[in-house]
């Protein structure tokens, strides 16, 4: 029997929470967990070079199947030698299934058992995405970690609808597993859905765990529900995933949500948040968010974050970065993007150390107090 493409190794459990320290072994290298994954939607993390991402400690990045299918097309990427060669990234890559993007086109799509009919958001042409097609595209892209095609229903959808949805997602997951051409080179994750309904999350997890995926994602969160709701769902969903498999919380990137996810046993996170807010001149700092384009920073010659040792904070001032952003200079966006990504990657590095030292709850409390978060969102341990 061949070795699975990806393997999770548990290194240490936190004594006081559900947090765990581990590593994920993939065909393109091993990365430590818990880990935040920068998002490179179109085979690039906006304005960042691969060298800069490595420099700041990004052990794995995410690319988007839907967008790469539309442009430049999976066949072209395959011809280039796969996504790693195409974008000159020699470390692990995770691709999503395209499902979230298709389902967010709510006024332009129709769901059937076979798959989803929708209109291309670029030119309005009719397209069809099935579980098999989503896997086929990802096989051609050559990512290390692939996602099953799933439906992501709105968090406030009715119980009856969500029940039908998770049952269909389970059938789609089974079809995707059968269609997967490279299980020895690419690991496929199942995605647990169920909105805020505990029994439906349990059913979804049970179905998927019975299929023995090498890893599992928790989907359908960070879609507008409160932090308390998200934590409530994680409290009963994460334990449903086997301990020997990686657990990935999709679309989460706020610092407090990362820490609270880790406390509940999550290993992997991704989000466009750090680069998206960076393009608007908003920076993550140890004191909370800083909107550097605001007038109060015009003559502020301090770094973005005086406690940060990233390249940006060692070399540039708030005043200079504000000037660049106010003048629509791309370099300003590069600087804020670099800093925000570094901030989250460094946060996760510190979280991993806190798990190693068995003081994650103390770390969380100190971080939240300095950042200004409401600690009431936390579960008591």
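Placed from the backbone N, Cα and C atoms, the Cβ positions cover glycine too.
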Matching range for Swiss-Prot feature annotation, region 'RNA binding', among 275-279, 280-284, 285-289, 290-294: 275-279
Per Swiss-Prot, member of 323, 339 binding Zn(2+) alongside 308, 310, 313: 339
Additional site residue, 144, 150, 260, 267 [criterion: listed by Swiss-Prot with 96, 97, 98, 99, 100, 193, 220 for substrate]: 150
Correct range for region 'RNA binding' (source Swiss-Prot, candidates 251-257, 300-306, 314-320, 328-334): 251-257
Per-region confidence, the region 'RNA binding' (275-279) (mean pLDDT, whole number): 98
Integer Cα-Cα distance in angstrom, residue 150 (substrate binding site) to residue 96 (active site, proton acceptor): 10
Same chain, 6+ residues apart, C-beta under 8 Å of the C-beta of residue 308 (Zn(2+) binding site), given in sequence order: 285, 286, 339, 342, 343, 346
Among the substrate-binding set 96, 97, 98, 99, 100, 150, 193, 220, as the record gives it, the longest Cα-Cα distance in Å: 15
Secondary structure content of the region 'RNA binding' (275-279), with strand meaning DSSP E or B: 4 helix, 0 strand, 1 coil
